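Novice: One structure follows; several queries about it will come next.
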Amino acid sequence: MSRAKNSVTSQTSSQTESDRILSRQCARKIDFRIVPFFMLIYFLGVLCKTNYTYALVSGLQSHLKMTKINQGNLGSFFFVFYVVFDFFSAFLLKGVRPRYWLSYSIICWSVAIICCAFARTPVQLNICRSLFGVFVAGLTPGVILYMQQWYTRIEMNFRMSLFFSTCTLANVFAGPIAAALSRINSNPQHQYKPIFYIEGGITILVGLLLFFFTHDSPESCSFLNKSEKEFITSQLERSSRLQTSGVTLKSVLEALNDWKIWVYTLLIFCVNISGITAGFFSPLLIKSLGVSSVTAMLLSSLPNLCGFISQLMTSYTMTYFPLWLNSVCFSTITLIGIVLYGFVDASPALKIIFLCIFGFGAFPNIPVVATWMSVNSKTRTSRSVASKMTIISTAVSGIAVPYINTTFDAPKYRASVLLNTVCSLLIVVLSILLSVYFRHLNIIQNQKDDESMYDEKSLTQEGNPEFRYKL
């Protein structure tokens, strides 16, 4: 540990002012050509993920005569294939140029989305959505691999956070975009088709642009001069040397044996139940209030907009307030919103306000709980396991939610309301219990520090004695 500290310290101190200026100069050039492009890709990816719920309120359900199970399968099967091939992507990416992989994934998922417009049966539509899940699963692993060719690990964090924030922003615009596209076809039963083939067609174009107008690495690009290329290459090599593997089967099993990681996994499951309900199924929830399909799609942007605003607020709240308090407060807001929506007899306008309250609490809790899980992982293996458990729990929630948010569950959506209520309550209770337990562990650790109660055995079992749980 001390060697790692010394290594990082020597790296920082060895950087001259000219190096820092050159680093900022290179970062600006790379950001200008990469970041906006990949933000657009993530934006389109979210549009394609959520467009089937907008299609359901635009004639898809009646045209294909879809049953409750058909609609549930449509969302559930996507998440099954998405999570399975997310794991496979890590192995398939080895030896593949990231630009080729990303272009291939984007074009293939776009074709799958376009085919959704021409499906004649629920089974055909489900196959198209499942194939979409297969190909879109390669997006984030491919982007991470691509970014590693350009940025150091520290530089990547901020860029990836920008990409993920684009996902929430995309949910805000998904409804109005779908509403505009649905007006292209005057046949009420076919109004959903332009949503699929136009969004898919635009995404194909972006996939082709990615292939022809981006570069695989600094060495092959034309917008950096020779000294800049050499500097970036040396920075990337230094960053890769500081990353040690250290992940073994034994360490993974030890991480899985920690009950706390399972509690966090349950928390991730619960926050995603609410996040997926608000992000994917707002059009259906609003349509059940008696408004038109176009109005439902337009108004569905409001809960997502509230969620986007509250997500922006977390950059402040997570800095100045304990993470457990963030979790409890946002979950309480989620709970209030869903209880008012589900159990209070009110006008459609008030019901939409209640959904906005629900969205305001649901969306920010996803990064809050994920961050809390990550910072309280003692080792690199624990963080790696936590990341995979996050993906799995998200998939499980994605598999469950579609079956209780179909057009057949309207207008009450009782099962969905009850599940979101229980999950929000569970987050509040578990967050408080974890904070009390972590505070107790930190007190014990502080006492050990004061009394110097460490020997070789305890250091091996407990890891870094300087570690404290983040409340």
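Every residue, even glycine, has its Cβ placed from backbone N, Cα and C.
Marked as domain 'Major facilitator superfamily (MFS) profile' by TrEMBL: 34-439. Annotated transmembrane segment per TrEMBL: 34-54, 74-93, 100-121, 127-148, 160-182, 194-213, 261-282, 288-309, 321-344, 350-373, 385-405, 417-438, in sequence order.
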Novice: Is it the case that the transmembrane segment (350-373) and the transmembrane segment (261-282) have 3 or more CB pairs under 8 Å, with pairs at least 6 apart in sequence?
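Specialist: These two segments touch.
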Novice: If we call contact 3 or more Cβ pairs under 8 Å (sequence gap 6 or more), are the transmembrane segment (127-148) and the transmembrane segment (417-438) touching?
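Specialist: Counting Cβ pairs under 8 Å, fewer than 3, so no.
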Novice: Six or more residues beyond either end and a Cβ under 8 Å away: which residues meet both conditions relative to the transmembrane segment (288-309)?
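Specialist: Those are 54, 57-59, 168-169, 171-176, 178-179, 182-183, 191, 278-279, 282, 348, 351-352, 355-360, 362-364, 410-411, 413, in sequence order.
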Novice: Please identify the stretch among 74-93, 100-121, 194-213, 261-282, 321-344 with the greatest number of Cβ pairs below 8 Å relative to the transmembrane segment (385-405).
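Specialist: It is 261-282, which has the most Cβ pairs under 8 Å.
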Novice: How does the model score the domain 'Major facilitator superfamily (MFS) profile' (34-439) in terms of mean pLDDT?
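Specialist: Across the residues of the domain 'Major facilitator superfamily (MFS) profile' (34-439) the model's pLDDT averages 90 on the 0 to 100 scale.
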Novice: Among 74-93, 100-121, 194-213, 261-282, 321-344, which stretch has the most Cβ pairs under 8 Å to the transmembrane segment (417-438)?
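Specialist: It is 321-344, which has the most Cβ pairs under 8 Å.
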Novice: What else in the chain is close to the transmembrane segment (261-282), if you only count residues 6 or more beyond its ends and a Cβ gap under 8 Å?
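Specialist: Contacts with the transmembrane segment (261-282): 49-50, 53, 75, 168, 171, 175, 255, 300, 303-304, 307, 327, 331, 334, 338, 355, 358-359, 361-363, 365-366, 368-370, 372-373, 376-377, 382, 385-386, 389-390, 392-394, 396-398, 400-402, 405, 416, 419-420, 423-424, 426-427, 430-431, 434.
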